[in-house]
Amino acid sequence: MEEKKKVIFSGIQPSGNLTLGNYLGALKNWVKLQDENKYECYFCVVDLHAITVRQEPKDLRRRTLEVLAIYLAAGIDPKKTTLFIQSHVSTHSEAAWLLNCFTYIGEASRMTQFKDKSKRYGEAVSVGLLDYPILMAADILLYNADLVPVGKDQTQHLEMARNIAQRFNNLYSPTFVIPEGYIPEDGAKIMDLQEPTKKMSKSSDNPNSYILIMDQPEVIRRKINRCVTDSIGVVNYTDEQPGIKNLITILGAINGLKPEEIVEKYKGKGYSQFKEDVADAIVGELEPIQQKVQSFLSDKKYLENIYKSGAEKAYYVSNKVLRKMQKKIGFIPKA
Ligand code: TYM
């Protein structure tokens, strides 16, 4: 008998333009995992998560399709993988409500990302922002995902999903698979180019601090050229040189070389050659993707076919788990 394939689930928010961090920390690994052909993969554009902070409707619409096009251009294959838009599959919001009732306010408000963001928004922080990891737990648990490929910044949220699942299973009976994180060896945390002790983020106010997947080659070269390094002048992989360390991580995540190999290669060479090579590597990786994104975006019908059939499959699979949850909780099944 054929063994049941392990399930993978992940998603990216269309809340800003995607960065090199999203690509190297998540998307590039999704493609790798998909192409191993041993997993059942679900990748989602998590638009419900995006509205935890205010979004301009037309920008949200544009970015949602652009993120889908980026998934495809990076190599996600809709023949192998279920691709969908989160808000098209109503089970996610429904399951999130149920899981809310099995989550403690204490554990939700301890999340570092919530604490950071709520500092920024003060009293005007939305309840949605507090609820965000619970919706994320719903995303994952509804598919009984075994593996969740994400960057390092999501490990705390993942831990919370595991705790909620465990709690529900203990209270009723085994319902959810307890998911494991899959954090890449290289690229798990790409840092800000201007403040390399901070994570590179699409929500930063300074465009020089990140590289966007859709940045033009000359913009990428300029941002790398201007990125903050140090006055030591030696390419070394050490916490004392966070800017250089970050560039080594980026280069390694693209060309597969280990940090020590990169350090060896640049022995006796200055930063300018190194930066130039890093910029070339990024441009070489992103340029073909950018061209494909444009061609996918010019065929809206094709995109529509993909997200429509993806949502149907996702609904079918997730609704079974949702019904199980409802039944265990004590709701009367719909006749
Ligand atoms: P989001 O949209 O903030 O980020 C998407 C993915 O990109 C990774 N990432 C990074 N990796 C390395 N270096 C960086 N600088 C960097 N910045 C972002 C993130 O770790 C993430 O993997 N809550 C999630 C989206 C989500 C999700 C899910 C993920 C919703 N439901 C279910 C997995 C499973 C988020 O906001 O990611």
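Each Cβ is built from the backbone N, Cα and C atoms, and glycine gets one as well.
Taken straight from TrEMBL:
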type	residues	note
BINDING	Q13, P14, S15, G21, N22, G151, K152, D153, I190, K199, M200, S201, K202, S203	ATP binding site
MOTIF	14-22	motif ''HIGH' region'
BINDING	D139	L-tryptophan binding site
MOTIF	199-203	motif ''KMSKS' region'
* To do: Pull the DSSP breakdown for the motif ''KMSKS' region' (199-203) and write it out as helix, strand, coil residue counts.
  => 0 helix, 1 strand, 4 coil
* To do: Could you check which of the binding-site residues Q13, N22, K202 have their CB within less than 6 A of ligand 1?
  => Q13, N22
* Structure fact -> For the binding-site residues K152, K202, the largest set of other C-beta atoms within 10 Å encircles the C-beta of K202
* According to DSSP, folded down to helix, strand and coil, what is K152 (ATP binding site)? => helix
* Structure fact -> Restricted to the motif ''KMSKS' region' (199-203), the mean pLDDT of the model is 90
* Asked: For K152 (ATP binding site) and the residue listed as 'L-tryptophan binding site', what Cα-Cα distance in Å is obtained after rounding to a whole number?
  -> 18
* Asked: Just counting, how many other CB atoms are there within 10 A of the CB of I190 (ATP binding site)?
  -> 26
